[in-house]
Amino acid sequence: METADLLKVLYIVAIVAEAMTAALAAGRREMDWVGVCLLGSVTALGGGSVRDVLLGRHPLSWVQHPEYLLITCGAALATIMVARYMRHLRYVFLFLDAVGLVVFTVIGCNVAMSLDMPVVVVIAAGMITGCVGGVLRDVLCADVPLLFRAELYGTVSIVTGGLYMAGKALDLPHDPLTIGVMAFGLGMRMLALRFGWRMPKFVYTETIH
Amino acid sequence: METADLLKVLYIVAIVAEAMTAALAAGRREMDWVGVCLLGSVTALGGGSVRDVLLGRHPLSWVQHPEYLLITCGAALATIMVARYMRHLRYVFLFLDAVGLVVFTVIGCNVAMSLDMPVVVVIAAGMITGCVGGVLRDVLCADVPLLFRAELYGTVSIVTGGLYMAGKALDLPHDPLTIGVMAFGLGMRMLALRFGWRMPKFVYTETIH
Amino acid sequence: METADLLKVLYIVAIVAEAMTAALAAGRREMDWVGVCLLGSVTALGGGSVRDVLLGRHPLSWVQHPEYLLITCGAALATIMVARYMRHLRYVFLFLDAVGLVVFTVIGCNVAMSLDMPVVVVIAAGMITGCVGGVLRDVLCADVPLLFRAELYGTVSIVTGGLYMAGKALDLPHDPLTIGVMAFGLGMRMLALRFGWRMPKFVYTETIH
């Protein structure tokens with residue numbers, strides 16, 4: 001299997017995993033079935049959509065491939081059926097969520113590179129693709145986004161994108177580079193979860209406004 | 001009057017109704033007059049704007065017709081004056097809000113069809129047009145969007161869009177089809193309000209993150 | 001120095017000031033360093049980005065000038081270092097924030113004028129550029145946006161944009177007009193802060209939904 005095909009398969013796995021974890025978040029808010037579908041789809045497809053809107057790239061992926069919308073709605077609805085067993089799958093989902101983070105990041109970098117964007121924008125595009133879906137989920141649940149506090153979530157995306165661009169600058173061969181940086185990012189996220197690694201927090205208690 | 005003209009008239013009625021109900025939401029948050037105008041305009045025009053941004057369709061309707069902005073600001077300010085009487089108009093507003101929902105949905109479907117979008121995207125565009133304004137209103141009020149829980153709100157939009165597309169596929173004549181699906185959607189929403197119909201809720205109490 | 005250069009310098013000052021005040025908001029929410037960078041960048045660059053997305057203007061400013069992203073991240077991180085001294089700089093920051101408001105407003109008007117937009121859209125574009133960054137900051141902090149309640153914040157932006165367009169309609173010379181309306185808007189905001197001027201509030205206690 002070529003890396004491009006692997007990325008495509010992992011992309012489907014990732015949007016399914018994101019839609020399912022978002023469906024659980026919807027369930028914690030007692031949303032109805034339509035809300036579950038919507039929150040799942042926005043979470044799974046929102047990062048790539050925001051990236052494409054900001055970069056002025058049309059059509060968006062789910063406009064070109066409407067089956068993605070059906071997949072995310074189906075995954076969100078399926079979650080309602082299997083939710084009672086998901087407690088036992090906690091680690092599977094944290095793992096799939098981490099896979100989604102690095103896959104989305106690399107895909108976002110590839111999209112921005114195909115548009116000849118400067119390197120800072122490429123890394124930003126990777127991070128937007130990887131992280132914004134979860135931000136939209138949290139905003140729609142009226143929460144402060146987890147991204148701003150979670151174990152290295154945003155950091156993993158930036159590091160993955162940065163290493164990928166460094167490898168490209170060194171002209172490393174595409175396929176091993178792609179696999180390598182995704183494995184590195186995935187390992188970093190799983191270790192951060194295992195050992196509770198976090199970025200230092202900034203705590204400020206004065207009021208300026 | 002042709003259906004296209006009817007839709008245009010109903011569109012104006014709908015943005016006025018949406019701006020006025022959003023102004024009441026602003027009043028419950030004790031926003032100032034500028035906030036009332038902004039929340040009213042974002043609620044009334046936000047759904048169509050998000051649809052056009054996602055589909056890459058420019059100029060947006062309020063950019064091409066800036067008078068829409070003046071209408072929504074005017075409606076929101078007028079609400080401040082007449083708010084004391086609106087308690088008695090509760091059912092009028094729930095009715096106009098439902099009119100807005102189905103009118104926005106059909107207009108959104110028409111826009112996506114004019115861009116030759118696939119049917120899933122057409123129905124999604126109808127729903128985005130019908131529902132996203134209210135989601136933006138709730139997010140700006142720091143609430144969990146009503147859409148995710150309200151009486152068949154999103155469902156009415158999906159069913160209206162789905163029937164509209166089914167009628168198009170069966171080559172039903174345009175004008176009766178348009179009137180018919182809007183009447184059906186409107187009736188469905190009003191019955192849901194009257195009898196408290198809701199989609200089943202998904203309640204999940206475990207924590208996965 | 002020409003006005004165009006002055007605007008450019010003031011723009012940099014403004015994005016630094018916005019990123020720093022957003023970093024303090026992040027600190028009050030105990031966000032981590034990555035969250036501080038993100039919230040600072042979204043606040044500083046979000047208004048212009050939303051304006052460009054709504055007007056269909058690409059590339060966005062930070063895509064064309066990725067150094068802006070580095071500036072806002074740097075300013076946000078620097079805030080962590082100097083936060084303990086910022087209490088004494090409260091008034092400096094309120095002043096710089098007001099500078100940002102009028103500079104962003106004038107720049108937003110200029111962008112919309114360069115696209116030959118009608119006058120209502122030009123004033124709206126100025127206000128979006130001036131105010132939406134702060135709205136995004138507040139939404140990401142799960143707060144009701146300050147804009148909807150703060151001392152003349154949105155009003156200052158509308159008045160500044162309106163005077164600017166009036167001056168253009170009267171064919172006043174560009175440079176003195178630009179300086180003049182910015183000075184007027186800045187003075188209006190500072191006086192509003194000093195004397196607690198606010199727009200009247202709309203208070204509504206009934207429930208309509």
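Indices start at 1 and increase along the chain as displayed.
The backbone N, Cα and C atoms fix where each Cβ goes, and this holds for glycine too.
Database features, via TrEMBL:
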TRANSMEM  B:6-26  transmembrane segment
DOMAIN    B:9-83  domain 'Glycine transporter'
TRANSMEM  B:33-56  transmembrane segment
TRANSMEM  B:68-86  transmembrane segment
TRANSMEM  B:93-113  transmembrane segment
DOMAIN    B:95-166  domain 'Glycine transporter'
TRANSMEM  B:119-140  transmembrane segment
TRANSMEM  B:152-170  transmembrane segment
TRANSMEM  B:176-197  transmembrane segment
* Asked: Among B:68-86, B:119-140, B:152-170, B:176-197, which stretch has the most Cβ pairs under 8 Å to the transmembrane segment (B:33-56)?
  -> B:119-140
* Same chain, outside the transmembrane segment (B:6-26) by at least 6, Cβ under 8 Å from its Cβ: which residues? -> 35-36, 39-45, 68, 71-73, 75-80, 83, 86, 93, 96-97, 99-100, 103-104, 106-107, 133-134, 137, 141, 178-179
* Who are the chain neighbours of the transmembrane segment (B:68-86) in space, where the CB to CB distance is under 8 Å and they lie at least 6 residues beyond its ends? -> 12, 15-16, 18-20, 22-24, 26-27, 33, 36-37, 39-41, 44-45, 61-62, 93
* What same-chain residues lie close to the transmembrane segment (B:176-197): Cβ under 8 Å, and 6 or more beyond its ends? -> 3, 6-7, 94-95, 98-99, 101-103, 105-106, 151-153, 156-157, 159-160, 163-164, 167-168
